[in-house]
Each structure stands twice: as structure tokens, then as C-alpha cells.
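Visitor: Annotations for this protein, taken from Swiss-Prot, read as follows:
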ACT_SITE  SER517  active site, proton acceptor
BINDING   ASP81, ASP123, LYS124, GLU491  Mg(2+) binding site
BINDING   CYS122, CYS195  [2Fe-2S] cluster binding site
MOD_RES   LYS124  N6-carboxylysine
Amino acid sequence: MPPYRSRTTTHGRNMAGARGLWRATGMKDEDFGKPIIAVANSFTQFVPGHVHLKDLGQLVAREIEAAGGVAKEFNTIAVDDGIAMGHGGMLYSLPSRDLIADSVEYMVNAHCADAIVCISNCDKITPGMLMAAMRLNIPVVFVSGGPMEAGKVTVKGKIRALDLVDAMVVAADDSYSDEEVEAIEKAACPTCGSCSGMFTANSMNCLTEALGLSLPGNGSVLATHADREALFKEAGRVVVDLCQRWYEQEDATALPRGIATRAAFENAMSLDIAMGGSTNTVLHLLAAAHEGGIDFSMADIDRLSRHVPCLSKVAPAKSDVHMEDVHRAGGVMAILGELERGGLIDASQPTVHAPTMGEALARWDIGRTNSQIAHEFFKAAPGGKPTQVAFSQAARWEELDLDRENGVIRSVEHPFSKDGGLAVLFGNLAPEGCIVKTAGVDESILTFRGTARVFESQDAAVSGILGGQVKAGEVVVIRYEGPKGGPGMQEMLYPTTYLKSKGLGAACALVTDGRFSGGTSGLSIGHVSPEAGEGGLIALVETGDPILIDIPTRGITLEVSDAVLAARREAQLARGKDAWTPLNRKRDLTPALRAYAAMTTNAARGAVRDVSQIERG
């Protein structure tokens, strides 16, 4: 049997010094034979999705210790993408994912912890912790802070549900008065929790359920609801059980790589496609699979996207539906249940809470279980009062949303669309692929031919859109914003938001080697690979060039002759050391960002680190 890792620091005469230090943290003689379990928290007062996590690490710790373990808490950083959006702060968002993964590895390996409970929530924190979990391959349970309640506001005589993106859209819409914009701003984010739509944070927290690494409801129980407390407590108990199964019984299904297998990653991607998740999830699933040594690529995502239907549309794809509505319809377990009935997932995969996903669905899918516990659990509703306090309300819906024909979650027989909510496009403009969230694209522009309007940065694009340079029928091309070229692969939420506010949301396309916020909708195509900064064809596009986007055939083509492109490439190479860098863009980069750019890879590889790029030959 594998020895407990922690015994490296707790056993033997030569570890007297280490034990002395452990004792100074509160450990006693009887603790030195117990598993030491790291509680990786991500509390910060900068991020509404994390502002309520301060005491939750100790809540988990108490359950770990009651179950026979020793809990030791530490914190990672957390960047708020919404606050970092639209300025130089966004350069740090994606790099923070790697920093979070490394920080978890550093703490866990430096102190020889036996297992981890990952308390995550927002955009890069769950992916960073997931990468660390797959890299370390020791027992782990994920529990997130939970979604924010949707805002409610009365504007122009109508009550409407809203979220962060609504505030951004109306701020650039001159038809709204300053007073109306202020009212929406104040109502958009009423509580603690991750932003209320199917944006990146909530998408990733849903995907940990599909991977089998978190408990049912992790992706959908509101941060404010009393029911969420049970998830934190159960996580503490489950991780001790996983420890015992691995270290005392050598049960490999207690490990992340034994649970989050290739089949589980396919399950997670199928869920993502079915629920129209954020395009960022593609980036993060590729990275997590890479850390676990799992062969999972854009080709696999393309294959899945061609036969998994769209079973749910949530904001931003459907502005009046939010995570609280998904939960009422049965949450992730209900979507997985519909996919399983359609033969679209492998339900034989293990989870941290059940021997197989199939057994978990039998208990938690409200479409097949009569369990009063499950039905009551998914009736957890918003409290409707602004708060930053976790578990502070216990409201219930009077009834569940069990309508699989017209409800928030549909059956395979009654999908929103037969094609899923995400698609991978290939073509000369993106030989290694690019991503579009089809759930947010108007059917009238699924095939779109337009002329390029090229910008060398997000800032330039924003100025061009707001300044009236962009016209209907154009393809806005924003380049040199990839992982290397940015660096940091900024989110393009402001350009897409401003296109929408200018009435161009269904009249223009946007193509970039950067990425998009989970709040993006419209014909927004990101992750173009290879990126401009590594010599990708997107660097050769000129304003006026015709571009064909054909989602039904999964194609994206720059309609310029090979001879013209070859001449442009020669001209680019003639720039010498300045080749494949933007013109007329000055961006001061710190050593931290330059180091990230030197080691990162393109989006088709998940923007993972490849140190061979800087190693001596």
C-alpha cells in the first residue's frame, strides 16, 4: 500500500524538528498518525464570488478532524475578471491560473499533504486548482462558493432579471438614461457568489460535477442558500474517506486520475456543449487533461460538438434564465441524466460521492428519482435580498421545473437545437481550430461572409466600435491578444458588449486569437490557433479581406489567394526581430508577464506551460 505522504515529515527520529514545528501549529501526539489534509481556500475581499469564503475553510476543517484527519488551511490568490476587464489588469487573468496551480502544488508538496479540499469559485481559480489536482494526483474534493442570485430591477415599467453583462450593455446604450443605468448597476450583482449566468465560473463548477470531483449541486446551489453549507461539510468527510481508500486500500478510483479519466473529460465536455457553457471551459479542460497526462484535444471536442445537442440556454444566451433556474430544473445531475438517457455520456465512471455516475444519477436526477431529499434539495431558491453572507437564507420554490419539452432543461428529444452550444471551427484562418459559443449566435448569421476590420489590440477595437468605424457586415478581427501575443489572452467582453449596444450584435462577427468572457454572446469566435504572435495566418489579415464563417460546416476561411498570403508572410518576416508583433501598439510588460509569454502555448493546447521553449538545447 502507498504510505501516507505526510509521514515523511511526521515519523522518524530525524524529523524531530519538523514535528516540533507541526506541534507549534497545534498538532498533538495522537495527530501524527492521521492524514494531513490541505484545505486550499481562495477567500479574498476583491471578488464577490470569494468574499464569503473566509470562514468556510474552517467549516471544512472541523469536519475533516471529526472524521479522523488533520486539516491545514492555506489560501491562493483570486482575480476578478469583471473588475480586471477592459484595462491592463486583464493581462494577468489567465496567467493567474498557472500561478494558482503552482501555489497549490508548492504548498501541498512542500508540506507533504496527503489530500486536498479545493474551495474555489470564480473564473481562473477552479481551473487552476483542477490543474493542480490532476498534476498532484492525490485525493481531492472540490467545493465551490456557489452562484450569485440574479438581480431584479424595474426599468421602463418592466421587472426583469439581470446580471453583470446587462449593466455593461446598458452603460453603452444611449437609449438608457443615467438614472436607469445606475439602477441596473446597483441591482445587477445583489449577493455574494459567482456571476449568476452560465459564465466561466459557473460553467467550470458545473464541469467538476461531470468530472466526478465535486458533489451534486456544486455548480448550481446558490451561495446564499443554507443548503450549500451541507456541501462544505460533506466535502470534509468525503476527503477523509478517499484518503483511507487510497492509502489503506490502494483504491485508485479514490484519486483524481482514477476519477477524471478520459471518459470523464468527454462527459464534462458533453455537458459543456449541452448547457452552452463558456468557451473558456475548452481552454481549461484541455489544460487539466494535459496535467493529468490525458490525451484530450480540440479534435475530440469537435467530434463531441457534432452530436451532442443543446439542452439548456442560460444567460447570456437567454437573458431571463440564470443558475437559480437551472438548479430548480435539477442542476447538472438533470442535464447529465438527459444525456445519459440519450446514450451521450459514459455513466460507468466513478465519482467522489458514488461508485459510478450512473448510481449518482439514480439518486440525484429529479427526472428519474422519487427521492424527497433530492426533490427538496433542488427547490432551493433565491432569497431576494442583497447580502455578502453565505448560507444566509432558506427560500424554496413551490415546485420544481420538470418540463423537459419547454423548460430550462430539455430532453434529447426536445433540444433547443440539435447542434450543441459550442463548436470548433477549422480552416486556413485557424488550422489548429477556434471556438464559438453557438448557443449565443442568432440563427440568421450561422453562416456569415463579411469583410475584415482589423485591430491590433482590444483597446483599439473598443475605440473603433464606439467611434463608429465598424459597420454592419464586417468581421472585427482583434489579433496579438493570444497567450503569447498579449500576453495573457485577454477576454474580449467589452468589444462584444459594445457591438451589441450599437445594434451590431447580429450584423457583425468578431474573430480573435484572444478569448471571451463567459458573458459573451453573438458571433464571437476566439482561441484562433496558431495565434498571431506565433506566426498564425490571423497576423496576415488586412482590413477589407473577405472572411467566410460557416458554423454548420465548421469552417472559417480567409478568402485571399495563397500567392497574396505568401507575399504578406515574406513582408512580415522582413521585419526581423519585430516580425509577428503588433504595429503601433506599446504595452509595458512586467517580468512576470514576459516570463509567462516565454513559456505558454497557444489556445489549441489549453495555453499550458511548455518549459522546453526556454530550456537549453
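Counting begins at 1 with the first residue displayed.
Each residue, glycine too, has its Cβ placed from N, Cα and C.
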Visitor: Which one is it: of the binding-site residues ASP81, ASP123, GLU491, which Cβ has the fewest other Cβ atoms within 10 Å in this structure?
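Guide: Candidates: the binding-site residues ASP81, ASP123, GLU491. Fewest Cβ atoms within 10 Å: ASP81.
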Visitor: Looking at the recorded positions ASP81, GLU491, SER517, whose Cα is closest in space to that of CYS122 ([2Fe-2S] cluster binding site)?
Guide: ASP81
Visitor: Could you round the CA separation between SER517 (active site, proton acceptor) and CYS195 ([2Fe-2S] cluster binding site) to a whole angstrom and send it over?
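Guide: With distance taken Cα to Cα, CYS195 ([2Fe-2S] cluster binding site) is 11 Å from SER517 (active site, proton acceptor).
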Visitor: Neighbour count, 10 Å Cβ-Cβ cut-off, for CYS122 ([2Fe-2S] cluster binding site): what number do you get?
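Guide: Other Cβ atoms found within 10 Å: 28.
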Visitor: Whole-number Å only: compute the distance from the Cα of LYS124 (Mg(2+) binding site) to the Cα of CYS195 ([2Fe-2S] cluster binding site).
Guide: 14
Visitor: Compute the C-alpha separation of ASP123 (Mg(2+) binding site) from CYS195 ([2Fe-2S] cluster binding site), stating it in Å without decimals.
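Guide: On Cα coordinates alone, these residues lie 10 Å apart.
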Visitor: Reduce the DSSP letter at ASP81 (Mg(2+) binding site) to three states and note it down.
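Guide: In the DSSP reduction, ASP81 (Mg(2+) binding site) maps to helix.
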Visitor: Quick check: in three-state DSSP terms, what is SER517 (active site, proton acceptor)?
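Guide: DSSP call for SER517 (active site, proton acceptor): coil, neither helix nor strand.
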Visitor: How long is the line from the C-alpha of CYS195 ([2Fe-2S] cluster binding site) to the C-alpha of GLU491 (Mg(2+) binding site), rounded to the nearest angstrom?
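Guide: Here the two Cα atoms lie 16 Å apart.
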